[in-house]
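Some notes on the structure that comes next.
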Amino acid sequence: MSHNSFGHLFRVTTFGESHGPALGCVVDGCPPLIPLDAAEIQAELDRRRPGQSRFTTQRREPDAVRILSGVFADDRTGGRQLTTGTPIALMIENVDQRSKDYSDIRDTYRPGHADYTYEAKYGIRDYRGGGRSSARETAARVAAGAIARKVLPGVTIRGALVQMGPHAIDRARFDWAEVGNNPFFCPDAEAAARWAEVLDGVRKDGSSLGAVIEVVAEGVPPGLGAPVYGKLDADLAAAMMSINAVKGVEIGDGFAAAALRGEENADEMRPGHGGAPSFLANHAGGILGGISTGQAVVCRFAVKPTSSILTPRASVTRDNRPTDVLTRGRHDPCVGIRAVPVGEAMMACVLADHVLRHRGQVGAHPAGAHPAGADPAGTHPGGPGGFQPG
């Protein structure tokens, strides 16, 4: 097993390397009859695309996506391109590789990168931009996430950068409307202005910063997830940890919950509308016992500082000789910025998988168990969010 796939019923396989001819993904298990065109996928890829500001890598990749399979359109569909229920293959060509930038490290391991571990495992490594361990691999995840969102009617998934290096946002100023107004996906306008100054200094020094990203899914129905080894939060944690450069994940209050007393941490309930309880808080991040509560699902993950920096660092060569390394090439001074849409995509893929798994195990949701207008269990042949022509 090569471990390049994740998910059970909504299954995603990614392929390709940073400096190869192309990368992409195959999504297997997407229900049929869902309208899908390349423009919808492209819109998500454009949010992650490199070279859009001075605060990201200046590698110029258009990330133009092609749908190779799994969709069909003719006069019977009214000209609409629909999913067919077969594997959806997506491809994104690499067009701005500069592999010569990496020739001086072909026989040297970069500290903080996966150079040594890949070679220790496989006996060979693609040193050009890190190969498959590069953050470029995440473009394929974002493409898959765009399809996953189509399986989640009534669910809104949003992400934000809430900390850069030691500089956190002020929660009192958290405003989702600000996320699209700055190059950091930051929900705090004042923090974004400070971060620009900080990151300019870091770039000038040839260094980098880490970050914390928060992803929130609203409209998630109760009942997703299965005890004990199919917990929703366990799958979310695994999905976020699989993103290159991620070093920590928390759900809800996460590690901060350890500092609370029991009466502070428990999310009290009162009678709500439609027979469902109303929660007075959401310390649990929308998941209890590994099963969604119907509240917003809240996940945060920490991204380490980019290891590709201009500061010389001690390392060794392939034949175990001491050397110093500095990394040339084009790199993100804070890779966490472009990790925001990646986190959203992984949230979408995990939720889509759990929606389909729930439907397969218990059928439709109990009455009132999902928001009005949502069809997470799929009540028509087209499945969740599907389109039934005619």
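Keep in mind that glycine also has a Cβ here, set from the backbone N, Cα and C atoms.
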For the region 'Disordered' entry in Swiss-Prot, name the matching range from 304-332, 362-390.
362-390
Candidate binding-site residues R132, S134, K304, S308, pick with smallest Cα gap to R54 (NADP(+) binding site):
S308
Tally every other Cβ atom lying within 10 Å of the Cβ atom of R48 (NADP(+) binding site).
24
Nonlocal residues around K304 (FMN binding site), in sequence order (Cβ under 8 Å, 6 or more apart)
G112, G210, A245, V246, K247
Cα-nearest neighbour of R48 (NADP(+) binding site) within the listed binding-site residues, R132, S134, T306
S134
Smallest number of other CB atoms within 10 Å: among the binding-site residues R54, R132, that is R54
Distant-in-sequence Cβ neighbours of T306 (FMN binding site), under 8 Å, six or more positions away
S208, A245, H331, D332, P333, C334, V335
